Ligand SMILES: Nc1ncnc2c1ncn2[C@@H]1O[C@H](COP(=O)(O)OP(=O)(O)OP(=O)(O)O)[C@@H](O)[C@H]1O
């Protein structure tokens, strides 16, 4: 028994790449079983890339064979069915730029070489068709929706399915049903990861989405002003309660550069999101300035992350951090 305990604590000393918790605490591994000096470990590979799994296996073997009495480690990976990693982009409050960030994050991840997708679950104001410049309805083949392709990503939006004026009166179960259609009943092929632009707020709808679709992590968008930050904390709480790791917070509309004189002002204050991250012990992923060029490009259907210049750089820096967090 002590040998198994020793092995368990050695394995729990390895940090899970997604949550940072020990491998047992993160439910990556169940308590180990040892027979005749051979430990058989069932490793849950959900949400991890092939490289991340291989690195983790190496560390498990190193830690395991260091335990007295363990002569061999056998690792069985859980069914490696194609797990699509969902990244939830949320905000506690509307209008903080959540959809803008979600679209540019997906485009940024695609520019880093991933087959990224984007789902617009923001039924009260589906903005992805505008952000990507895809105004047509999505086609369906054999009752499966075909995601639109734009700016290197695949995307589906409630706004590509229905008359959005009607959706505004939808209740929770209808939202959940529509989302299921966008996620499970669509032809996503090898798309991974998928950025999920969540409905704004932290109510029942958000809770259902999170519980049902189990994102591998959440990105929270906030502006620096106090009110938005209070709501962002609520967003963090929602994910913590449901055990979804917080990938980090983004400060959007941070500092305004006057297009004529160049002077930078801070209409919503400055540094608030980074401070909140430090207080809550969650990563700060970066800031995106309040920039007219971002709004005009977004309204014109050309996500800044697809181009060059300071606006693209701000989104790419965030995409790199999210990509690193995914492993
Ligand atoms: N960094 C920025 N600089 C300038 N304009 C921005 C920036 N971020 C977002 N915007 C603009 O602010 C408006 C709201 O953005 P967006 O729709 O992304 O917010 P949201 O949080 O998703 O809103 P909602 O809660 O209504 O869905 C849009 O016109 C968008 O172009």
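Note that Cβ sites are derived from N, Cα and C of the backbone, with glycine treated the same way.
From a predicted model like this one, the values you see are computed outputs, not experimental measurements.
Features reported for this protein in TrEMBL:
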{"type": "BINDING", "residues": "92, 93, 94, 95, 96, 97, 98, 99", "note": "ATP binding site"}
| Cβ neighbour count (within 10 Å, all chains shown) around residue 93 (ATP binding site) | 21
| Minimum Cβ neighbour count within 10 Å among the binding-site residues 92, 94, 95, 97: which residue? | 95
| note | Three-class DSSP assignment, residue 98 (ATP binding site), comes back as helix
| Which binding-site residues from the list 92, 94, 96, 99 come close to ligand 1, meaning a Cβ under 6 Å from one of its atoms? | 94, 96, 99
| Other CB atoms, at most 10 A from the CB of residue 96 (ATP binding site) | 25
| request: Determine the Cβ neighbour count for residue 99 (ATP binding site): the number of other Cβ atoms within 10 Å of its Cβ. | output: 27
| task | Ten-angstrom check, please: count other Cβ atoms within 10 Å of the Cβ of residue 98 (ATP binding site), all chains counted. | result | 27
